[in-house]
Amino acid sequence: MKKDLLKVNRKDAKLAMAHLYVAFTALALGGLAGLLQVLVRSGRFTLPAGIGYYQVLTVHGVLLGLVLTTFFIIGFQHAAVSRTSGTYSNKSRFLGWIGFWVMLIGTVMSALMILLNEATVLYTFYAPLQAHWIFYLGLVFVVVGSWIGGSAMIIEYIKWRKNHPGQPSPLLTFMVIINTVLWIVATLGVAGTVIFQLLPWSLGFVERVDVLVSRTLFWYFGHPLVYFWLLPAYMAWYVIIPKIIGGKIFSDSLARLSFILFLLFSIPVGFHHQLVEPGIDAFWKFLQVVLTFMVVIPSLMTAFSLFATFEMHGRSKGSKGVFGWFRKLPWGDARFTVPFIGMVAFIPAGAGGIINASNQMNQVIHNTIWVTGHFHLTLATSVVLTFFGIAYWLVPHLTGRILTKAMNKLAIVQAIVWAVGMSIMSGAMHAVGLLGAPRRSSYSTYGDASQALEWIPYQIAQAVGGTILFIGIFLILYIFINLAFFAPKGEQEFPVGETVEAAEKTPMVLENWKIWMTVLVALILVAYSVPFIDMIQNAPPASKGYRLW
Ligand code: HAS
């Protein structure tokens with residue numbers, strides 16, 4: 001194989017690392033806000049200097065849910081395309097840098113407004129909560145910056161396909177492109193509400209805003225957003241983990257098909273976040289619930305494929321019985337063990353998602369802290385632990401250093417600390433959510449004191465779990481700084497798996513964008529056109545804004 005395909009080019013590495021520095025800075029600050037917030041929720045701690053609970057909650061959600069994820073993903077994706085499709089052209093790299101700076105300027109604008117208490121609108125920022133216009137403009141910058149960065153990846157993909165007619169593109173590059181297209185189509189919704197509704201409203205050009213339309217546009221974006229977070233973790237599970245364990249990818253075609261299904265079914269499902277909202281006809285909610293169950297299928301395919309990879313590898317090493325493969329896995333290697341803990345967490349996390357999506361059961365858990373428990377298992381455990389697992393080889397690869405034995409051990413300790421802290425915190429959130437404890441409320445805002453008393457043990461458990469997690473954040477930051485600046489110089493592999501020899505040839509129809517984009521647009525039109533026209537024709541009186549501070 002050509003040398004530049006084994007190692008990310010130095011200039012591309014700098015671009016990817018710039019994104020990772022921002023991501024880990026967001027982790028440090030967002031993690032601190034998280035600790036403060038669970039302490040306030042425990043009812044035993046008041047924030048100094050008049051800092052409000054909702055302000056800290058907004059800092060936590062925006063920094064971890066939006067900044068950490070977006071910067072990490074775009075940095076990882078730049079590295080993945082450069083590694084598997086070859087060094088970026090100067091034009092693409094330049095676009096990558098423009099995208100980075102535009103996103104960073106936007107992040108600083110929005111973060112400043114949150115810190116000044118001018119944008120305490122939580123990470124979902126939907127109306128009628130109103131923020132300063134600079135906050136919204138910052139968001140526009142972040143989205144546009146991500147499109148510019150994404151366009152660099154698409155240009156490299158097109159270039160590869162032109163140079164290799166009739167061949168399927170490298171699997172990892174293909175997956176990156178699916179995630180980028182998913183992101184671009186999804187962000188059209190949030191860009192729509194921010195540019196046409198929230199910005200003019202916050203600038204005072206219009207007095208009122210249609211809340212239902214803005215929430216619908218938000219959730220058109222909000223659900224694919226969670227798959228934008230998930231798919232890079234799946235890239236690692238499908239392509240990188242097989243190589244680390246010394247095995248092979250079970251099926252290139254199955255991996256591609258599952259990514260295509262994510263692209264098709266992750267967007268027309270936003271109503272499952274709005275099942276209890278008036279103004280949307282039950283039929284359209286039902287349709288989107290059905291489509292939500294369709295988007296579970298590629299995750300089940302992923303689970304199947306992972307079990308197949310592990311079993312094939314185990315058998316090649318002489319394992320016997322149904323679970324014999326388990327003992328043949330490289331448990332001492334953090335690059336495997338850390339994401340594996342994420343995979344295990346995704347089994348209960350996914351089951352929770354299926355409960356959420358089941359129309360009737362949604363009535364029980366909606367707006368309770370169960371939902372917060374759900375996304376701390378999915379995003380903050382499965383996805384984030386996989387991101388940490390990626391960082392353990394990606395950062396030294398990009399900085400020309402190595403993951404030492406000591407750091408490898410510490411990384412495994414970090415993942416165990418994280419898993420323990422998250423099990424306690426997220427477990428308590430799920431349990432007290434079933435008792436009816438609301439999400440997004442501090443101790444002082446509970447109306448019914450007798451119920452609040454029943455919830456106290458769970459709130460203390462959340463504070464204990466949150467404190468353990470904070471130790472986990474210290475550990476990961478220590479490892480990151482070590483790998484970026486202090487680890488010994490050397491060559492760390494960027495592992496990319498190969499498909500088993502016996503696998504069928506990948507059919508080119510999987511890369512026929514005309515077909516998939518047509519199906520995608522058709523599904524979106526079917527799921528959203530009529531309800532959207534309904535919302536506009538029968539719009540309730542628009543709302544004035546209000547503030548949480
Ligand atoms: Fe969700 C709310 C439904 C997945 C994140 N979700 C949220 C929110 C967030 C979020 C942030 O239908 C809150 C938004 C807010 O602020 O209001 N979610 C689902 C469904 C899935 C799902 C059906 N969610 C995710 C993922 C997220 C995420 C992934 C982040 C990354 N979610 C909902 C619904 C709501 C919701 C409703 C709204 C609730 C409400 O009313 O407000 C599915 O995609 C899940 C499918 C997953 C599986 C699991 C497959 C398992 C695998 C692991 C294999 C393991 C191996 C290891 C091989 C079917 C792939 C084995 C080893 C051994 C030793 C056994």
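Count begins at 1; order follows the chain as displayed.
Every residue gets a Cβ built from N, Cα and C, even glycine.
Per TrEMBL, the feature domain 'Cytochrome oxidase subunit I profile' maps to 1-549. Residues annotated as transmembrane segment in TrEMBL: 20-40, 52-74, 94-114, 134-158, 170-198, 218-241, 253-271, 283-310, 375-395, 415-436, 456-481, 515-533 (among others).
Long-range Cβ contacts of the transmembrane segment (20-40) within its own chain (Cβ-Cβ under 8 Å, at least 6 residues beyond either end) map to 46-47, 53, 56-57, 59-60, 62-64, 67-69, 71-72, 75-76, 104, 107, 391, 394-395, 398, 425, 442-443, 462-463, 465-467, 469-470, 473, 476-477, 480, 484.
A Cβ distance under 8 Å defines the sequence-distant neighbours of the transmembrane segment (375-395), meaning residues of its chain 6+ beyond its ends; these are 16-17, 20, 64-65, 69, 72, 76, 79, 226, 229-230, 232-233, 236-237, 240, 334-339, 341-343, 345-346, 348-350, 352-353, 401, 403, 407-408, 411, 414-415, 418-419, 422, 425-426, 429, 476, 479-480, 483-484, 492-495. Segment contact is absent for the transmembrane segment (415-436) and the transmembrane segment (283-310), given fewer than three CB pairs below 8 angstroms at sequence separation of 6 or more. If you look at the transmembrane segment (218-241), the same-chain residues 6 or more away from its ends with a CB under 8 A from one of its CBs are 69, 72-73, 76-77, 80, 124-126, 171-172, 175-176, 178-179, 182-183, 185-190, 193, 249, 255, 258-259, 262, 266-267, 269-274, 295, 302, 305-306, 309, 336, 339-340, 342-343, 375, 378-379, 382-383, 386-387, 389-390, 495-497, 528. Restricting the average to the domain 'Cytochrome oxidase subunit I profile' (1-549) gives a pLDDT of 93.
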